[in-house]
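Asker: If you scroll down you'll find the structure; I have some questions about it.
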Amino acid sequence: MSIGKIIQVIGAVIDVEFQYNDIPNLYHALEVNIDNGNSHQVLILEVVQQLGRSIVRCIAMGSTNGLKRGLDVTNLKHGIQVPVGKETLGRVMDVLGNPIDMKGPINSIEKWSIHRSAPLYEELSSNQELLITGIKVIDLMCPFIKGGKIGLFGGAGVGKTVNIMELIRNIAIEHAGYSVFVGVGERIREGNDFYHEMIHSGILDKVALVYGQMNEPPGNRLRVALTGLTIAEKFRDEGHDVLLFIDNIYRYTLAGTEVSALLGRVPSAVGYQSTLSEEMGMLQERIASTKSGSITSVQAIYVPADDLTDPSPTTTFAHLDATIVLSRQIAALGIYPAVDPLDSYSKQLDPCIVGQEHYDIANNVKSILQRYQELKDIIAILGMDELSEEDKLIVLRSRKIQRFLSQPFFVAEVFTGFSGSYVSLEDTIAGFKEIIDGKYDHLPEQSFYMVGSVKEAIEKSKIL
């Protein structure tokens, strides 16, 4: 057994000295027993640097309270390993795979290391099958494919977590798929609400939850995304189509910044770590679909100060197949989900993938909304009367389209007072086509607000 001694503690970074011929490898896990009189704690460290002179620098995967120089450290001779397989479904784990839901141990047959290689090029799948979410604005304007990577961009409080909760609910119930949810540096309250929402929806047994909340050390928040991804990779390799939800990628970046500063690395632009692109690439390249199964990833990405040019969101952009931008201006109008259809984009919005009709209707919706944006200044200064008849019609239809893009969510029923709605792709396309064609020009625009299909809008108009 390889034993070392702690020689320095700087916050979450610990230096350990070993015998010169027994130095741990990078990413090896080390174990420290901390005895504080009444309590006993086992702390796991991960080797991230070899400093020379038989000293390794580690990051702590837990609180360093009670650590002191001279404590013995055991080299476990392997990386951090977490339980994988169906035994993880319905359970809440921390970064080390330990259960934190007070339901007893996870009796998993297998444990996998959280540091793994991305699949080889010949193993990758090029399948282009659409994944229907039941959310109109997403299915029409920025469709997903199985095995795609989707980014939910938005500032504070515009609905990233609620959108993720609705996606998990819809896909678990309508598609009967497995999901892995990773909470990276988010609020404990949100994690608790999310857990109880999964119980309320009856889909907890189809979701594995991995939490590294914002009160935890940076090491936990940096590695928890890899823990969740490892669990998802196991499901994929067993032939399942699995969904991986990460909330929030920005906190993953921020944890990397904290660790980088503690390790003494020179910072890059805006204070981010100089290895930002590499760390992001190592995570994103593992989120891949193979010929065995698929991992479809939905990642919430906080945008600092609503600035999309910040290095953190821009580094993430390069890896995504679809970007869904949540707008504060649209949220201010009371339209939820607050997706901006003009800023959002999907590589899958292609006639070869979605079909010509879907492609044409999505483009028509975009052009009508874009024209409405251009006319807003004229309306504000001169009023509607100065517009041509054609422009008046565009404004009328665009306001209906804008409201029809809203939708009541199942997970938000208690807040909105509207019953949740899942809308098929066929109903979505048909509804927008009929609005564009002017079939519902006689209906009040308010009848299209917070409804599912266009049939619900017709029924609503009868009571307005």
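Even glycines carry a Cβ here, placed using N, Cα and C.
Since we're looking at a predicted model, the values are computed, not measured.
Dumping what Swiss-Prot says about this protein:
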type	residues	note
BINDING	GLY154, GLY155, ALA156, GLY157, VAL158, GLY159, LYS160, THR161	ATP binding site
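Can you walk me through where each of these features ends up in the structure?
Answerer: The Cβ of GLY157 (ATP binding site) lies under 8 Å from the Cβ of ALA331, each of which sits 6+ residues away along the same chain. Secondary structure at GLY157 (ATP binding site), taken from DSSP and collapsed to helix, strand or coil, is coil.
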Asker: Please list residues from the chain of GLY155 (ATP binding site) whose Cβ is under 8 angstroms from its Cβ, counting only those at least six apart in sequence.
Answerer: TYR302, VAL303, ALA305, ASP306, LEU326, ARG328
Asker: Note the Cβ centroid of GLY154, GLY155, ALA156, GLY157, VAL158, GLY159, LYS160, THR161, the recorded ATP site, then list each other residue of that chain whose Cβ lies within 8 Å of it, in sequence.
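Answerer: For the ATP site the neighbour list reads TYR302, LEU326.
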Asker: Using CB atoms and a 10 A radius, I'd like the single residue among the binding-site residues ALA156, VAL158 with the highest neighbour count.
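Answerer: The most densely surrounded of these binding-site residues is VAL158.
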Asker: If you draw a 10 Å sphere on the Cβ of THR161 (ATP binding site), how many other Cβ atoms land inside?
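Answerer: Its Cβ has 22 other Cβ atoms within 10 Å.
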